[in-house]
Each structure stands twice: as structure tokens, then as C-alpha cells.
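Trainee: Let me give you the structure first, and then I'll get to my questions.
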Amino acid sequence: MGDSGPCGPCTEIHFDHVGGRDAAVLVNAGSPDVVEIWNLVFIQYNREPDSSLRLLPRFSVDTGMGLERLVTVLQGKRSNYDTDLFTPLLHAIQQRAGVGPYSGRTGPDVGGQVDLAYRVVADHIRTLSVCIADGVHPGMSGAELVLRRILRRAVRFCTQVLQAPQGALASLVPTVTQTLGDAYPELKQEEDRIMDVINDNEVQFLASLQHGSRIIHSTLRKQDCRKTGFPASVVWTLHRDLGFPLDLVDMMLEEKGVQVDRQDLERLISENQKVASEKQAGVRSHVTLDVHVLAELQRLQVPHSDDSLKYQYRLEKDRYVFPACSATILALSDGRTLVQEVSEGRRCAVILDRTCFYAEQGGQSHDLGYLTCSRLQDMVFPVERVERVGGYVVHQVTATENLQTGDRVQLHLDGAHRLSCMVKHTATHVLNFALRKVLGPAVHQRGSHVAADRLRFDFSVKGSLSGPQLQQVERCVRDIVAANQAVYSLELPVQKARSIRGLRMVDEVYPDPVRVVSLHVPVSELLDSPSDPDTSVELCCGTHLLRTGAIEDLVIVSEKQMVKGISRLVAVTGHDAAQAREAGRALSQEVDSLSARMSGSSTSSISSAQSFSKEASILSDAVDNTPIPQWQRQELQVRLKVLLRTGNTAVRKLELREAAQKAQAVLEKNGRKAVLVESVEAESLSVLMKTVNQLSSAAPLSHVMLLARHASSGKVLCACQVPKDTPILAASDWAVAVCGYLKGSAGGSALVAKGTGTGDDITEALRWAEDFVDQKRQR
């Protein structure tokens, strides 16, 4: 069933659509007429990473039925695509396509490929619609990456094979809603958003296709790929950076009679997978409980951990007091089996009868702290991670001395870390409420992460938030913080909790009973409220403040679109928020100062104009990378963009003026000779190149090269240009030769080139440059 995990022997039911014959030889042979419609897998082994089989403590039966295939049998059809699950879609595709109707053909010929495209698009648009409605969006990892590849494959078949116009794929969503809407009511609610996501991703992919096609054609022009094969490095870049399907590259190259260097491509893929694996391995592994250890705990009737103390803290004189906790070690595990004792230096999973530590779940980071053992008073056992596995709270510990089952331990919670997480978690609820207040009820949480230093919040929204909207959200949060609202919590049966008006929840499985957290209004009062409360109320198992005042302040320091329709906010609170606001004020003052100096200065030198541009560029980097309010970042980025453009324009104008003066002096000295080689004073290649351009405009039949000694570095600068219509040689060859003579390097095109060197005698270099052209003329 996979490379590793639960597995076992299976039975399969295959159906022969032809009938009246012995079709056993066609089972699992790829025949379209003999298909598997149902199977049973008798799960009894766990396949370990080393491919060995380990008997599971409990057996089960996994059953899988192909709904569409069963419908095909019941409706007496030969293919899934002939049933009423697909025929409306195929008809809708044909109305938009530039090809004939679907006729069920297969094979490599044109007709078979067209009907294959019909099937691909019909299948993929159903997958895309349901996944996007459920909150999965095309992305770069996990399920999101799979969906991205499905969408791009559908776009490619739709536009290239079926010749449908851009937007045709998304226009099929209403037809999907008609056929699947009763089973998936979310399709009706999310139809517009699904179409927006598909359309936006189609635009991006089609742009990538055009870009990739240009890269392929450019590579084919530069290299003789029929002999050497198309470079695998280019194929891999197209796939990795532009999302080009590898089979599309193969198809495009096949049309040109070229093949990819397959061996080199496999090497690149393998190396990429190796790097990814090493990155994953770089994350320190932790010991957890596998299915065998869990089964052994249940056989030994080890009770689940009592972690109710994690909620039993109080507020005394504006200070949070967390309960002391003593516990007994009920079990120790090395990750593969239960052990009675763990020796010094070994990592282990510690299961206690009770704990005050919060196990990571619901987006909130786990608690930190340490254990002390009653029989080893001077030894500290740091708790590195806490997680919940099968009802047990597992404390990840590296033993600093021998630990034994039955030891009495004291738990010491890192109160500062816990309080920081509580602040961020309550702030997340306040932020969620504020977003809905400002943007409307269509905002839905799509995910969050609460850490000690910051919070991250993903939510559905159309487009990015504007600066004024971000400010409104922050003001709403600050109002709730300033009001120091009470935070209430109550454990309720799930069904009862779901009846609360205005309840917010993420699409995940909640325990029963479930914890409900509200602000300002007690949960018990919300149960009987006939209308949506003007406050935050959410299902949540995390730890929270008792009053919102401890948040102090909240600053949104980052906002970006993760994928179409999903935005991610990162925010900080308390002292970090104050620092972000102070940093924002300081940067704003620096931008004000630069703007005033640039406005009040009539810049007359290139160096002063460049100084302004450089300062604007440095400030722009600081604004981009310093934690400041995001609304302020947006404002400063716009202002700095204008200042940078103003500074660069001033530099260009001054350089052009200086270049014109230098060009005039060179012309007065040399006239319009066929080969115009001269030395001038210039502090940059930019000025030197502009001077060459001016000379070439004034003397279009001249081969122009200028050299200049750079005062600060001592290098020799070189720039040249040759006539467009009657060149004696390529400018790049000329510059490379002269800069090579000067022990430097150069580059450029056939018409213009530039470079640098380190020679001492410019006069001799000028003579050498002129001789080089003369030699070319004599050939």
C-alpha cells in the first residue's frame, strides 16, 4: 500500500464489461474492459523503513470501493466516462473546445489524444473543485503541490490539446456543482472562489509556459542538441522553477527531433531528493510512540495521562501563577519498545500519570521546562518536546542520569514560555474577530500557529489587505486589549457547542466534549443567545490569558498571499510590538529626512546624486527586512520607490551631460576617424559607456573605444561600440582582446561591450587597441 506503513494481503473484485468469457488473463493487465471495482486489504503487518515486515498488535480490514466504477456497472456502461457522473462535463467541455465531440477513443493517434484530454480535464476539474472548496489550494508542498500539478496538467490539456480558450477550465466549475453539489454542498457556497483560484493559477501557468518555451527555443538555437542531447540542467530548471511538467518538455523536444540527456536528468532529480532528505534529517529526530508501543501500553492497562492541570492557573496581582505538579513515571519508551530503565545520554519518551505541560496541538507550541527526580535531587531532565499520542502525553527527554519506571518526578514548567504562548493564542482569537469586523463575515480561518515569539494566521480573503485595512484591524485589536476583556472557557458536548451562534472553528476533528473559548461574554450566556454575539467565540483546546490586557499591543509585521484567496499574517505582541512601532517611527523619520534633503538640493554632481540613490536603496532594504507595522512598510516602500526613481533619474541626466561634454572634447581632438581610440577621465563604466554611445551617434561609421583610469581602484575601464551596418569586428571580441592585454576581462554583444583591466600604461594599450582593429581590416 506504500513504501512503509500498515499493509497485508488483499482480495480484489474485478468486473468484465464484455461478459460471457473467461477473462482471468486480463485481470490487472491494463484492459479497459476488465477493471477492479472493489478490494479488501487484510492489514496485519507494518512495513518498516528497511522494508522488513513487523506483525501488528491488532489486525483490521481496509476496504476500498470505486464509486464511479460501480456506477458504470449499475448503469450498464463500458467506461466511467459514459455514466451520468461525467457526460454533463464532457458535453460542457465540447461546447468550449475547438475540437470534435468526445467519442471514447484511446491510443496514440490524434483522436485518441483528444479523447484522452477530454477524460483528463473532466476528471481533474472535479478533483480541483472539491479540494479547493475544502480549503486546499495549489501550492509548493504536500497536498498543495499535488493539486498544483493536477491543475497545470488540466490547463495544458485544455488549452493545447482541446484548443479551448483561456478561462474555459474554470467555467466548468458550475457543471461540477450541478453533478456533485448535493454530495458536496460546499461547492455551491464556494463556487466563485474556486473559479477565481483556477483562473489565477491558469494565468500564472500560461505565463510560465511562454517563458519556458522561450528558454527551450533559445537553448536549441545556441547548442547542437541533436548530437549532445538537450541539457538536463535546463529541463530541471524549467521543472523546479517554472513548474513545467517533465512530460511536456519531452513532448516539445520530440517535435524538434531532440531528446533530453535522461541519465543526467535522473542524476539531478536524485540529487534534489537527497538534499531534501538531508534537510529533513537535519531536524533533530524525536522519540514517539508507534502502534506497537501503544498496543503494549493498552495491554498493560497503563492509564491515559491526566493533563487537566494545564488549564489550572490563576491571576494574582497581575501575575500568572502556574500549579506545581508531582507525578509518577508510568512508562518509558525508546521509540520501538517499552523499557524499564533509560541510561544516561539516551533519548526517551516519558509517560506520567499526570502533567501540567501542554502538548503541541491546535496550532499552539508545546510547553518547555524540566523534570527532577526524587531519588536524584541534583539532576535536571530537560523536557524538549511534548506531544499527545493515542491519549498519552509524551514528554521527550534526554536522560542526564538513569531514569526508571516508577520514579517520582517533579515537573517544572517554563512559566515565561507558557505565558508568551498564552498571550499569542488569545491575541490570535482577537485578531480573527478583528479581521471579520473589518473585512466581513466571509473571512474564514484556514490555519494558525502560536509560538512564544510570534503568531501566524492564515485566512481566506480576496486580494491583499490595504494599508488602511491593516490599520483598522490593529485598532480593533488595541480596543479589545485596552478594555482588558475577560476570557471565558467551558467544556461542552460537541453538538451543543456547535449550536452557539457566531461560533468560529477550523475544518478539523474536535474531541467530544470540546472546549469553547469566548471573550467578554461567558460561554454559558452564549448558549441561549438568539443572535450572533459581537465578540469572539471559538472551539479551542489551547491555553489562554484570563484577561486580554496582558497582550499589551499587537502589530502585524507581515502580510502576504500564500496562494490565491489565502492570506497569511504574522504578528507580534507586547514588548516586540512596541519595538516594531519604534522601529517603524525611526525608519519613517529617516525617509522624511532623505526626502527633505533631496527636495531641497539642486544636485549638480554625479557623486551626490549617487549618494542619494544609495541611501534610498539602503533604506529600502531596511524597510523590507525590519519588523515594523506592515501598513507602514507599504507606505514607506511606495515613498522610497519614488525617491529611488528620482535619484536614479538625476544620476542618468548628470551622466548624460558629462558624457556629452567628454564626447565633444574627443571629437574636437580626433574628428570622425574610422577608428576612434582615446583615453578620458571617467569615474564609472556607466559614464564611459554613455560617452561611447554619444560618440557613436555623432560618428556612426566610427569604431569607438575609450579607456579611463578609475581613480579610487586604479583599474582601467574600457568601453567600445562598432558601426551597426559595416562593422570590421565584433565589439565583444575587441573589448575581450584589449582587456586581456590589460590582464582583465570583458563582455558584451557584437555592437557594444565593456570591461576592466589592471595595466599601467594606457597609452600603450590605446596603441594596441588601434593596431588590433587595423589587423582585422587588412584581412
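Keep in mind that glycine also has a Cβ here, set from the backbone N, Cα and C atoms.
TrEMBL labels come from automatic prediction, so no person has curated them.
As annotated in TrEMBL:
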- His425, His429, Cys540, His544: Zn(2+) binding site (BINDING)
- 1-583: domain 'Alanyl-transfer RNA synthetases family profile' (DOMAIN)
Trainee: Any same-chain residues 6+ apart from His429 (Zn(2+) binding site) with CB under 8 Å of its CB? Would you list them in sequence order, or say none?
Mentor: Val517, Leu519, Ser536, Glu538, Cys540, His544
Trainee: Which are the residues of the chain, His425, His429, Cys540, His544 excluded, whose CB is within 8 A of where the CB atoms of the Zn(2+) site average out, their centroid?
Mentor: Met422, Thr426, Thr428, Val487, Val517, Glu538, Gly542, Thr543
Trainee: For His429 (Zn(2+) binding site), name the DSSP secondary structure in the helix/strand/coil scheme.
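Mentor: The three-state answer is helix.
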Trainee: What is the total of other Cβ atoms whose distance to the Cβ of His425 (Zn(2+) binding site) is within 10 Å?
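Mentor: The Cβ of His425 (Zn(2+) binding site) has 24 Cβ neighbours within 10 Å.
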Trainee: Starting from the Cβ of His544 (Zn(2+) binding site), draw a 10 Å sphere and report how many other Cβ atoms land inside it.
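Mentor: Neighbour count, Cβ to Cβ under the 10 Å cut-off: 23.
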Trainee: Measure from the Cβ of Cys540 (Zn(2+) binding site) and count the other Cβ atoms within 10 Å, all protein chains considered.
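Mentor: Step by step: centre on the Cβ of Cys540 (Zn(2+) binding site), count other Cβ atoms within 10 Å, giving 24.
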Trainee: So what pLDDT does the domain 'Alanyl-transfer RNA synthetases family profile' (1-583) average out to?
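Mentor: When the pLDDT values over the domain 'Alanyl-transfer RNA synthetases family profile' (1-583) are averaged, the result is 88.
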